Amino acid sequence: MSRFGPFPDPSALLDHDEAAHAFATMLDGGARDEQIAAFLVALADRGETMVEIAAAAQAMRDRLIPIEAPAGAIDVCGTGGDGHHTLNVSTAVSIVVAACDVPVAKHGNRAASSKSGAADTLEALGLDMERADRQAQEQLADLGICFLFAGTRHPAMKRIMPIRKAIGRRTIFNLMGPLANPARVTRQLVGIARPAYVPVYAEALHRLGTDHSRVISGDEGLDELSLAGGNEVAVVTPDGVRMQRSSAADAGLPTRSLAEIRGGDAAFNARALRRLLEGETGAYRDAVLYNAAAALIVAGAVDTLTEGVEEAAEAIDKGLANALLNCWIAYK
């Protein structure tokens, strides 16, 4: 038997059936740890294809613990792992967009490589993570926002996590979070940390099915729209994938350096997010407005980035986003 055990040799491109069987076997406990590790590393070395990414995501979708989301619900989620250690932009964007009357089923986890992931920052703000995940269905219906904790929503991943940790490098599972939202949303703003992979990832999302999503990556390898330079953007609809470029100027915002939105630990990031929602101006606000504008386009709430910036800014300046966060924390 080869070192890959029940898996096909990943030096050759896998077709859909091969990839689907491989990831089903992996998630269902049909291979040894060392075989899984060898397969994942070889796949990463060769470079994952659209077919393989979609098959892995579908295998995770088939095994998650779901909730029902209202029509038009969106997710704003990044793959993480970009190494820039910025403030929690997608978390703040989720709150701001929900305050614009767009239901948001936020899928996230604790930090893997940064100091503070979405779950860490929200906990530091006072959100009871266990209760939030348990009451996600009710919170989404009552508040228009919920947090779906990846650590509990994907029980099949519990065996894979220590293997990923032992590998100690990026694998296909670093791309999976946004593609396996337990609310099964069909509108997403997805950030990835690999600009060159935007078209591949977008084709995988198209294969899985979406009403309107955008896959974004800053030229610096940022897993969100960057104010520092250009951005790769893939617009994904049932008709296919359309590539475009975007910069802060398109949203009427100034260029900002990544150093201006450098984050810290959960407490640091939570304080920054609270100040943002209380009306503090600066680079963090601009980054949130830029990404929120893109999310509002995905939701069908606005047609242009400048309109989206105006709507998001209004939700902050009128205190709607801060009030929503307070209600979310206090929800019983």
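Cβ coordinates come from backbone N, Cα and C, glycine included.
The anthranilate 1 binding site feature in Swiss-Prot is assigned to Gly78, Asn109; the stated evidence is sequence analysis. All protein chains included, Asn109 (anthranilate 1 binding site) registers 19 other Cβ atoms within 10 Å of its own Cβ.
What Swiss-Prot lists as 5-phospho-alpha-D-ribose 1-diphosphate binding site is Gly78, 81-82, Thr86, 88-91, 106-114, Ala118, and the listing cites sequence analysis. DSSP assigns Gly78 (anthranilate 1 binding site) to a strand segment in the three-state reduction.
According to Swiss-Prot, the feature Mg(2+) 1 binding site maps to Ser90, Glu224. In the three-state DSSP classification, Glu224 (Mg(2+) 1 binding site) falls within coil.
Feature annotation from Swiss-Prot assigns anthranilate 2 binding site to Arg164. Arg164 (anthranilate 2 binding site) falls within a helix when secondary structure is assigned with DSSP. Take the CB of Arg164 (anthranilate 2 binding site) and look out to 10 A: across all protein chains shown you find 19 other CB atoms.
What Swiss-Prot records for Asp223, Glu224 is Mg(2+) 2 binding site, and it gives sequence analysis as the kind of evidence.
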Check: Ranked by the number of other Cβ atoms within 10 Å of their own Cβ, which of the binding-site residues Asp223, Glu224 ranks first?
Finding: Glu224
Next item on the list: Taking only the Cα atoms, work out how far Glu224 (Mg(2+) 1 binding site) lies from Ser90 (5-phospho-alpha-D-ribose 1-diphosphate binding site), in Å, as a whole number.
Entry: 8
